[in-house]
Amino acid sequence: MASLGVQLVGYILGLLGLLGTSIAMLLPNWRTSSYVGASIVTAVGFSKGLWMECATHSTGITQCDIYSTLLGLPADIQAAQAMMVTSSAMSSLACIISVVGMRCTVFCQDSRAKDRVAVVGGVFFILGGILGFIPVAWNLHGILRDFYSPLVPDSMKFEIGEALYLGIISALFSLVAGVILCFSCSPQGNRTNYYDGYQAQPLATRSSPRSAQQPKAKSEFNSYSLTGYV
């Protein structure tokens, strides 16, 4: 039988992973302006996300513009959008499925069926974590490649934004949650314990009354025959 505490820990991590992935997907600071070289003194700082880009002035005013078209964006941005949306959908579905398979709920009272449902929820968490980790790692690689490339001008270089750190942590939470839910159930162990108890109980109840009744019957018969002839 799966441990209730382990399942709760896995489910909470999955919820945190879903929340972090959704926030990281919407944040506009996947890439932030790099203040190196000639661009160390500038009046405007830029940040780019999956859905919008923002400009922060030296006065503290920030202006954000949503991308006017999605089809005109670079291929890596489009792929990141699709994978992050799919990751959030997978994690949301995993949260719903895992609720049915957890021991603290009243759904699906059969313990074996609950274990199977919990494993399915864990698999969806793992898929959501993988889909959320790929675009984050992809953008992280592109930022580091352009930053250390001598062919890219200093004004075109960006640094790692806070959204990427949040995306990495959220993806790891989803992966760990899926692994916990998948390995917290052991159907084979439950099956062996169930059959062992079922076979041992009838043998104990049937053998003990017979052994106790046979000597008693012999003693009654012997006493009856002796008193009758005397």
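Any Cβ shown, glycine's included, is placed from N, Cα and C.
Annotation comment: Swiss-Prot describes 1-7 (among others) as topological domain 'Cytoplasmic', evidence class sequence analysis.
What Swiss-Prot records for 29-81 (among others) is topological domain 'Extracellular'.
Sequence annotations record features per position, and here Swiss-Prot assigns disulfide bond to CYS54-CYS64. Following the DSSP three-state reduction, the secondary structure of CYS64 (disulfide bond) is strand. CYS64 (disulfide bond) counts 13 other C-beta atoms within 10 Å of its own C-beta, drawing on all protein chains shown.
Per Swiss-Prot, topological domain 'Cytoplasmic' is recorded for 103-116 (among others), and the stated evidence type is sequence analysis.
The topological domain 'Extracellular' annotation in Swiss-Prot covers 138-162 (among others). Same-chain neighbours of the topological domain 'Extracellular' (138-162): 27, 29-34, 36-39, 47-49, 76, 79-80, 168, counting only residues six or more beyond its ends whose CB sits under 8 Å from a CB of the stretch.
The topological domain 'Cytoplasmic' annotation in Swiss-Prot covers 184-230 (among others). Looking at the topological domain 'Cytoplasmic' (184-230) alone, the prediction's average pLDDT is 47.
Sequence annotations record features per position, and here Swiss-Prot assigns region 'Disordered' to 205-230.
Sequence annotations record features per position, and here Swiss-Prot assigns SUMO cross-link to LYS218.
If you look up Swiss-Prot, you'll see SER219 (among others) marked as phosphoserine.
The phosphoserine annotation in Swiss-Prot covers SER223 (among others) and is backed by a large-scale study or a structure entry.
Secondary structure at CYS54 (disulfide bond), as computed by DSSP, is strand.
Broken down by DSSP into helix, strand and coil, the topological domain 'Extracellular' (138-162) contains 14 helix, 3 strand, 8 coil.
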